[in-house]
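Feature annotation from TrEMBL assigns transmembrane segment to B:7-26. The domain 'PAS' annotation in TrEMBL covers B:83-155, B:208-284. Under the heading domain 'PAC', TrEMBL lists B:159-211, B:282-339. Among the features that TrEMBL reports, coiled coil is placed at B:327-354. Taken from TrEMBL, the feature domain 'Histidine kinase' covers B:357-571.
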């Protein structure tokens, strides 16, 4: 079981669904959510200066692509930059309902993206990811 | 001369008779008969002496005259001889054919040229002017004879004419004929001598040049000829423009000759292109540019402009030829086409984006629904009515999900015009497809006949051909006849550079008379089967066409269906 994961999605129902399935599958202890890329980045900026809890950072990110304010691609561009170098070992799973084949190709360009999965999140999907991460 | 002799004799007789009568009268008067003998003798002596003197006088006078005449004749004769010799030498030396026409007698003679130039042997050559006239080309003969007779009647000073003269082999030669007249002392034309020159080569060359000239004068392309050297870094000065150039640019020949084509430049001319042209001129190289030019009225037009250096036989640059074409329309069309392509590309992109976004926006909430329904599965529901409602909700959600997934497949196929092709073994594809349909094949045990002996390898997209065959096989099983065992025959063969795959079943068939247009349509269903969505054949057709192939169907209700798939089998 993971300690902490981050779900980035603008749709509250999707986030709710994520939480429920993750809890049911005992995938992670703690689930943090962000409504878009910018929110997620500011979360990383806050935990950067919290020194007393050293290992408390997400071990996996579920990332949606189409979001207002800052979408998934823009988030990945920032996250992949030197500015967030201390975090870019965190694995990212793109979880989207996109069907554009170009998105799939594009996702491969980011080293931290380990998979590109289609919504909705399911129990079997989490089992698959568990095996993959281990 | 005869008259003179008669005259002399008559005079002599008259004088002699006169002397005889006078002497007789004198003798009668003064002399007696006794002396008759002596006086008669004296009289005869006197008479002979007298007539002798008269003869001497007359003859000596005649003699001197005869000598003069003889001398004159001799001279004339020598002159004629010499002239004849000269004539013969000239006639032999010249390549001209000489003719000699005695007009009054209409006797006509030719020199050797009639044989060597025109091929007539001696016995073929006629000896009258008619023969000559007969050999003149009918189109030229009237004009020629008018000129000739007006010359003979001495209305004109000189005679020379060009006409076509028939050879012995019935071809015609262009000739230049020049002649002069010999006149008698009364100035009447008695003889005409002419020289015929074969100018066929010159004439043909002239006609060839005229023909070639029409290329320049009649061409719709503008043609300019310029000098060799450029002055002050300009294009060399113009020495000729053709009519098409005047029409294109508005400049008449006189306006422009001696000037540089630089005056056509517009402020909007492409300076890079002009630079290129000037460099080519400097290096004496051929060049082709496209630029904007100005007409005389300062109107702009697009021109495709070439400069070609022309070298003479000494390999020195002799002039430049420039061919120009007004390509304004072409350019405009090109611009319009580009604009259209841009718009279409943009539209297409927008539509594609639209379809992706639409399907994404449909899929996003739908995936939530599916996810939520998955969560419900683990929660026991007591209320029977709620359970039924949720069941219906569940089924509808999954149906909607399937439909959207199918559409997504279509969008992806349609959006992929150039897909990867590879050489695949047909047998291998079928093994994959059969393993996917293992369950159904075990269940219905269809008779499947495969014949890939003629063509065993296809150059094709593997995923697509698998999907195509899977769809066709699924259909064949789904729509089999209840009355007979399902039999499927699949064969391949090659026609030219295409591969034909024939897929035949003995199922329930489709009524093509009613449905031919719809068979491959989206969401077209021909049988009310519960799991039939009307998407399979649409996908099959899309995939076949994406790979550059075609698909045709033949079907008879309750007999079966045959699909004929054709693929180009060229390696790309």
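Going from the start of the chain as shown, residues are counted 1 onward.
Cβ coordinates are placed from backbone N, Cα and C, and glycine is handled just like the others.
Note: TrEMBL annotation is automatic and uncurated.
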Spatial neighbours of the transmembrane segment (B:7-26) far in sequence, C-beta under 8 Å, 6+ residues away: 43, 46-47, 50-51, 54-55, 58
Residue numbers, six or more beyond the limits of the coiled coil (B:327-354), whose CB comes under 8 Å of its CB atoms: 290, 301-304, 411, 415
Confidence summary for the domain 'PAC' (B:159-211), mean pLDDT rounded: 89
